[in-house]
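Remarks on the structure that follows.
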Amino acid sequence: MNNYLRKLVEGQHLTEEEMYKAGLLLLNENILESEIAAFLVLLKAKGETAEEIYGLVRALREKALPFSNHIQGAMDNCGTGGDGAQTFNISTTSAFVLAGAGVKVAKHGNRAVSSKTGSADLLEELGVNISSTPNEIDYLLEHVGIAFLFAPAMHPALKRIMKIRKELNVPTIFNLIGPLTNPVNLETQFVGIYKRDMLLPVAQVLQKLGRKQALVVNGSGFLDEASLQGENHVVILKDNEIVETSIEPEKYGFSIVKNEEIRGGNSKENAKITLGVLSGEKSVYRDTVLFNAGLALFANGKAKTIEEGITLAAHSIDSGKALAKLNLLIAASNEELERVN
């Protein structure tokens, strides 16, 4: 580890292979906590490259719980968090809209870190069993079309690092890579990030991970979701090409909605918002979900255009299919699934 620390002190970038090896060392129980802390802080101070992010993601996915990965066409629509906006659970609500539109959703998430309610907190409040094993997750993806992967359970080797992150209380590379460490081999992905300057590096990592299509967004006001407040900065990965662009919500018929208007609350309050959206209630929450789910359906290829994606998202809700997926996941995740373990 000393060699890598010296390079970082000198402001040098690590190669992908060096970062992969450093990542394995970070996960080794024999490494000193002071070395982990120094590495994370020095890397952040230098600034992370796409090669470094990918190297660490490789190490984390290698040490994650093993998956059979026989499920084809899975997608995740996870944000990094860290925007401090305290919005309701946009991507988790959108996940059921995607599932209702026929997309297999492997939703990777955690409890609240910078917000009041994380995806795990919301789903637990709604009655979903968040403790599914890899075999159960495969079963749910195949038979329900949506499954939740509780990040701490999927990545047991990260327990020590999470403790050190909490003690450091400063942003590190781990604030950025959550959506990239999903242990399922995803075909497509929709990622929201709070740091605009990391849009391109994250898209490059998704390309290295073999995503067929992906969309990375930094919302207006530096939201880690697509925002109805104004211009959204976007990077699209398609046909192995990366294109940078921007998207205005007014172009798709949405009214401007300030980010403060879509603030959430505790898990009970956010569950009420999610159920309202999935039940077809008209609101700024619904419009925000339609915009995000529409973009995700475009990123997935289920929709050929963003307009078509928004139309499909609205149909998923208004037909009752999105809510049906939630109810199906609640029932199936709480069943005895010993037959698949």
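For all residues, glycine too, the Cβ spot is worked out from N, Cα and C.
Summarising the annotation, Swiss-Prot assigns anthranilate 1 binding site to G79, N110 and lists sequence analysis as the type of evidence. DSSP assigns N110 (anthranilate 1 binding site) to coil in the three-state reduction, outside any helix or strand. A C-beta separation below 8 Å, combined with a sequence spacing of at least six in one chain, links N110 (anthranilate 1 binding site) to G118, S119, A120, F150, A151, P152, G178.
The 5-phospho-alpha-D-ribose 1-diphosphate binding site annotation in Swiss-Prot covers G79, 82-83, T87, 89-92, 107-115, S119.
There are 30 other Cβ atoms within 10 Å of the Cβ belonging to E225 (Mg(2+) 1 binding site). According to its DSSP assignment, E225 (Mg(2+) 1 binding site) is coil. The Mg(2+) 1 binding site annotation in Swiss-Prot covers S91, E225.
Under the heading anthranilate 2 binding site, Swiss-Prot lists R165, citing sequence analysis as support. A helical conformation is recorded for R165 (anthranilate 2 binding site) in the three-state DSSP classification.
Look at Swiss-Prot and you will find D224, E225 tagged as Mg(2+) 2 binding site.
For the pair R165 (anthranilate 2 binding site) and E225 (Mg(2+) 1 binding site), the C-alpha distance works out to 24 angstrom. A 10 Å cutoff on Cβ-Cβ distances gives H108 (5-phospho-alpha-D-ribose 1-diphosphate binding site) a total of 25 other Cβ atoms nearby, all chains included.
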